[in-house]
Structures are given as C-alpha cells and as structure tokens.
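Features of the protein shown, as given by TrEMBL:
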REGION    1-202  region 'Phosphopantothenoylcysteine decarboxylase'
DOMAIN    24-189  domain 'Flavoprotein'
DOMAIN    198-405  domain 'DNA/pantothenate metabolism flavoprotein C-terminal'
REGION    203-413  region 'Phosphopantothenate--cysteine ligase'
BINDING   ASP290, LYS299, PHE333, LYS351  CTP binding site
Amino acid sequence: MDDSRGPHPTLRIKGTKSHSLLGKKIVLGVTGSIAAIKTVELARELIRYGADVYAVMTPSAMEIIHPYTLHYATGHEVITKLMGKIEHVEFLGMEGSADLFLVAPCTANTLGKIACAIGDTTVTTFAITAFGSNIPIVLVPAMHETMYNHPVLKEHVERLKKLGVTIVGPKFEEGKAKFAEIDDIVLAVEHTLSDKTLRGKRVLITSGPTAESIDPIRIITNRSSGRTGVELAKECYRQGADVTIIHNKHLDIMGINEIFVESAREMTEACLRELEKGYDLLISAAAITDYTCEPSSSKIPSGKEELSIILKPTAKLIDEVRAKFPELMIVGFKAETNVTVEELIDRAKQKMRECNIEMIVANDVGKTGMGTEDNEVRIISRGRVKYAKGPKKVIAEAIVKEISKLIKTREEG
C-alpha cells in the first residue's frame, strides 16, 4: 500500500467514543458461524474505543464473509493463513505486539480445539500461542443451543474459564446460543485490559429516578434517565470492582448485579439492606423523588377542575446511610438549575459538609438538561475540583478516576 495516501479511512473513527482502549492492539479471530457477519460492527466499535484491531480468519469464516470486508472494517490486511512471518508469534508470542486475543464468533468446533490445544487453523494456532504467552483470551460462543448443551462442550467451557479465559455470552433465544451483544463484548474487553484500579472493592450504586404512586395509574417522578448511574456501574466493573446497582430498570448488564425498586422508600430500604453485606463505597447517583403522597387505592376520576394532593418529604437516603454506616465512603450528586459555576460549587461543597461525604458531583441541569447524552460536571472532593465534559461514559470514567485516587489516598493514610 502507498503510505503517501495517508491512513485507512476506517481509522478516522478511532477513539470517537472513548479512549479506554487507546494504545491496545486486539487480534480478532473470526470462525465459521453465521454470526461472523457481526464482526464488522464489533471491529469498528472496538476502534471507536481507541483499539487497533487485526483480524484472523479460518477457511470456514471466509465462506461467510470475504476477508476484504474485515480489511475495510479494521483498516488492516486480514491474516487468512500462516506464512514466513509466523504471524501467530509476531502478534501473540512471548514478545508479541498484541494485548488481547478475541475470538468472536467462536464455533463449537473452535472452542473444543482451543480447550484441547489443537492448532489446525489460523485461529486455533493463535489461541495456543496466546496461552503460552499469558496473553488474555476472550471467547464469544455462537452456535445452536443443542450444540452448546453438549456435555463435553460444557466441560470445555468450564475448563477454559478455570484457565483464565473470559467467556462472553451466549444469549439463548429461538433455540440458538446467539452471539453476545456488541456492548457486552466491548465491556468484557475493557474489563480484561483495564488497570483494575478498584480491584477487590465492593461498590453499591443508586441510579435513575424513583416514582411515587398517586393512584394505581399515576405517579410522581422526574426526568432522570439513569444513564450516568449505569455508566458508573460499567466503569466500576471495568476497573475490577464487584458492582451492584439499585435502580428502576432491568438491563441485564454483564458483570453487574441489579436490584429493582420503584419508590424512594424502596430504594432507601434496599440500599441499607444491601450495605449490611459489606461495601467499600456507595455512589448515590439516583434522582430520588423529594416528595411522596398517600396513594389512592383506586384510580382518581379524571375531569375534575381542581385536584389537591398533600405531599410529604421523603427521607434523605444519604443521611440514613451515614447514620448507620459512619465509616463508609460515599459519593453524592448535586443538581442545580441556572446558577453560576461559583454558586454551583459552593452549594455542592455545602451539601458535602452537611452530609459528611467524601466527594460530590455537581452539574447545572438548567444548562445541560436531564436525560441527555452528554453532560458537564464538577467533581468535588476536599481541596480539589475537577471539571469533566462529554458523553456520559467519559464523565463516568472521570468520576471513577477521582474515586480511585481518593481510595488510594485513604488507604495510604
């Protein structure tokens, strides 16, 4: 290729979503499942997170998608056979240049061969080499469910897990053991390659809005989307924490425990109950309803010219947690509308003092809005104010980075 023409056009998307995989080289092994058609999307998503991706294909995979397709998707020529460059050693040998070997999709045939150290294809030979060099391996199985249920294959899966291989999915639908969601695969790769700044820590996160019943149909709630809390949960998981999130959704996020609640009281009770199990950190990111009412047992008739509802304040979750767990590290959130930056920071610091918490994240929702894709926040701890702006994933990365520093400082005394 004529280098004077500049980089491959595909590489223009590099790092457009995040820099979490910046500087990481990932070898993507593609085998002969129909799910191979999803590898273009997967490769490009990894690139959007900053990774350099190099594809390796088996002959069966090439019968489903052409190597040119993955050349386009990755910006690099595809390895379809091993030649004098001994590509498997070049990438995954003891002095190899790659950081991770991702086999997606991984057929039953390839999974069994990897478990038994059989290297009769490009992908299985790459896998053997990665094992010998202690390079992380992530497998994404895809096949019919009856094949995945084969007892020997299940033994192979467990054997590979014990050897340190990460297995992502499959998801069982329509009689198939289907290819995992792209987001879950990327999350697994990020988790595998992260610095693990929260390794060994247990983190509890409250997230999203709560809702107070007026009657069996109507509720009092707010505009919070819960996206920031979810991104915080993912980032804590990426950094090696054992994460539980309490919110009003059922998301089934890989590696994250979920507790479903609806009302402010349910959230507070669930939080206090869960903290009894022993946690290192509470991130109180939920937009908990400030007022509740006595709900009607039946629907309130419509058509009335006026309707009065008596509202009573809900208990403050952080106050109840701090009273019961005085040594727990707590990160709170403070939302204001249409105030100056100085006033925003002052009010956040005041709340931090009143609640006796270690860190608070403040934002002006009058400027950025609630439920938006992007955000702009001030991350405030004692003697430090950090500014962060961008997509909520980037905001979560910045918050967790500051939390990790705070934990390290506390542990060092």
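Here the Cβ of each residue, glycine as well, is placed from N, Cα and C on the backbone.
Remember, TrEMBL labels are computer predictions, not curated facts.
A map of TrEMBL features onto the structure.
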| residue | record | DSSP (3 states) |
| --- | --- | --- |
| ASP290 | CTP binding site | coil |
| LYS299 | CTP binding site | coil |
| PHE333 | CTP binding site | strand |
| LYS351 | CTP binding site | helix |
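Set side by side, the binding-site residues ASP290, LYS299, PHE333, LYS351 differ in how many other CB atoms lie within 10 angstroms of their CB, and the most is found at PHE333. Considering only the residues assigned to CTP binding, ASP290, LYS299, PHE333, LYS351, the longest pairwise Cα distance works out to 38 Å.
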